[in-house]
Amino acid sequence: MSQAEFDKAAEDVKHLKTKPADDEMLYIYSHYKQATVGDINTERPGLLDLRGKAKWDAWNQLKGTSKEDAMKAYVNKVEDLKKKYGI
């Protein structure tokens, strides 16, 4: 998986005709963060930040996943979303 393919997928996902479902967006977010930052490096958000906690939990589940694997999963998911929602 090349950085260029990953960067293209990151741009493509911004131009989907329809916004993906929340679970799909969490998948995209968590794999993007794992590919670009690595293992989670922040504290879990507070009790009232439900959206922040969901994003944190999704990213935290990928702890230990390699950058390459996260990039590959991200690009594959974006390709699926492009077929499902159009671009």
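Backbone N, Cα and C atoms are what each Cβ position is placed from, and that goes for glycine too.
Noted in Swiss-Prot for the protein shown:
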MOD_RES   SER2  N-acetylserine
DOMAIN    2-87  domain 'ACB'
MOD_RES   LYS8  N6-acetyllysine
MOD_RES   LYS8  N6-succinyllysine
BINDING   LYS14, TYR29, SER30, HIS31, TYR32, LYS33, LYS55, TYR74  acyl-CoA binding site
MOD_RES   LYS17  N6-succinyllysine
MOD_RES   LYS19  N6-acetyllysine
MOD_RES   TYR29  phosphotyrosine
MOD_RES   LYS55  N6-malonyllysine
MOD_RES   LYS55  N6-(2-hydroxyisobutyryl)lysine
MOD_RES   LYS55  N6-acetyllysine
MOD_RES   LYS55  N6-succinyllysine
MOD_RES   LYS77  N6-succinyllysine
MOD_RES   LYS77  N6-acetyllysine
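Feature map: annotations from Swiss-Prot on the structure.
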{"residue": "SER2", "record": "N-acetylserine", "contacts (Cβ under 8 Å, 6+ apart)": "none"}
{"residue": "LYS17", "record": "N6-succinyllysine", "contacts (Cβ under 8 Å, 6+ apart)": "TYR85, GLY86, ILE87"}
{"residue": "LYS19", "record": "N6-acetyllysine", "contacts (Cβ under 8 Å, 6+ apart)": "MET25"}
{"residue": "TYR29", "record": "acyl-CoA binding site", "contacts (Cβ under 8 Å, 6+ apart)": "LYS55, ALA58, TRP59"}
{"residue": "SER30", "record": "acyl-CoA binding site", "contacts (Cβ under 8 Å, 6+ apart)": "LYS55, ALA58, TRP59, GLN61, LEU62"}
{"residue": "HIS31", "record": "acyl-CoA binding site", "contacts (Cβ under 8 Å, 6+ apart)": "LEU62, ALA70, MET71, ALA73, TYR74, LYS77"}
{"residue": "TYR32", "record": "acyl-CoA binding site", "contacts (Cβ under 8 Å, 6+ apart)": "ALA10, ALA70, TYR74"}
{"residue": "LYS33", "record": "acyl-CoA binding site", "contacts (Cβ under 8 Å, 6+ apart)": "ILE40, TRP59, LEU62"}
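Here the Cβ of TYR74 (acyl-CoA binding site) has 26 other Cβ atoms within 10 Å, regardless of which shown protein chain they belong to. In this structure, LYS14 is the one among the recorded positions LYS8, LYS14, LYS55, LYS77 with the smallest number of other Cβ atoms inside 10 Å of its Cβ. In the domain 'ACB' (2-87), the DSSP tally of helix, strand and coil residues is 58 helix, 0 strand, 28 coil. The record assigns LYS14, TYR29, SER30, HIS31, TYR32, LYS33, LYS55, TYR74 to the acyl-CoA binding site, and the maximum Cα to Cα distance across that set is 18 Å.
The two recorded residues LYS14 (acyl-CoA binding site) and LYS8 (N6-acetyllysine) have their Cα atoms spaced 10 Å from each other.
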